[in-house]
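Here is what Swiss-Prot says about this protein:
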- CYS80: active site, proton donor (ACT_SITE)
- CYS227: active site, proton acceptor (ACT_SITE)
- ASN13, GLN51, ASN71, GLY81, ASN82, ASN166, ASN200, GLU218, ARG219, GLY228, THR229: substrate binding site (BINDING)
Amino acid sequence: MSRTFLKMNGLGNDFVVIQTLTEAFDPTPEQIRAIAKRPGVDGKGGIGCDQVIAIDPPRAEGASAYVRFWNSDGEVAGACGNGTRCVAWLLMQSAGKDAVAFDTVAGRLSGVAAGDKLVTVDMGPPGLDWTQIPLAEEMNTERVELQVGPIDAPLVHTPVCVSMGNPHVVFFVDAPVTDDFARGTGSLVEHHPLFPEGVNVGFAHIASRDHIRLKVWERGAGLTQACGTGACAAQVAAVRRGLTDRKARVEFDTGSLTIEWRESDGHVIMTGPITMEYAGKLPELVAA
């Protein structure tokens, strides 16, 4: 029997969402890659997405679901900010509620309705210790000894590292970078030996104390139109460096997220839109 999926996106960062309340979903990495592969000019390929998301029955009291994420390369992802908003919206729609909580491998997340297809999610506190990223060696994560390019004229250097349930490194740049720059530099840094689990790479331009321009090279997915945890990491990194206030607009080419690193409890709060694209059926070979 084929399985129904929902295609959703947050600022163009797109997902195949599979609800498993009545039928388990235990895909192989090959099946995830088959689903995520974007169709070519010949029409061959999968559905196409940055991440695959499974919404499972809850495993703990107080949660509406247990949620799993995979990157398009087939590897399990610890967290996904834009995907979290999409999941929160779906669960709220299903329950007829304005607030919801669900569990992930990275911990419990919660979301509240903030308007028409606008969702605010509590992403929890960031991980700032080198062991939480993780890094291969002890290091001050506010000023990491890393650079790309010639020693006397590096392209980017001295980034900040943050965990948002997944590892991020944020480079501050004097001007917004091009897609080609983000691809070339991001792909190099993603697999740097300093990051034993790989890393998401952000390039953040501080436009003002409440405005960041951002591009993100996602671990296992490549250059994406938007990255929710990347936006959270960029804002946390900027606050740590004294570059922005606690609340800022993080802008991608496709739109903006509002990110607040709340001083009262240290949690990162993200507000942004979701888009429901369509529903479909998985091909039999990848229905898992």
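Sequential numbering from 1, following the chain as shown.
Placed from the backbone N, Cα and C atoms, the Cβ positions cover glycine too.
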Quick one: Cα separation, THR229 (substrate binding site) versus CYS80 (active site, proton donor), in Å? 6
Per the 10 Å Cα distance test against CYS80 (active site, proton donor), the recorded positions ASN200, ARG219, CYS227 reduce to CYS227
Return only the integer: C-alpha distance in Å from ASN13 (substrate binding site) to CYS227 (active site, proton acceptor). 7
Roughly how many Å separate the Cα of ASN82 (substrate binding site) from that of CYS227 (active site, proton acceptor), to the nearest whole number? 6
Near-site residues: substrate, ref ASN13, GLN51, ASN71, GLY81, ASN82, ASN166, ASN200, GLU218, ARG219, GLY228, THR229, CB cutoff 8 A to centroid: ASP50, ALA77, ALA79, CYS80, GLY83, VAL216, ALA221, THR224, CYS227, GLY230
Judged by other C-beta atoms within 10 Å of its C-beta, the most isolated of the active-site residues CYS80, CYS227 is CYS80
If you measure every Cα to Cα pair among ASN13, GLN51, ASN71, GLY81, ASN82, ASN166, ASN200, GLU218, ARG219, GLY228, THR229, the residues listed for substrate, what is the largest value in Å? 16
Do you know offhand how many angstrom separate CYS227 (active site, proton acceptor) and ASN71 (substrate binding site) by C-alpha? 12
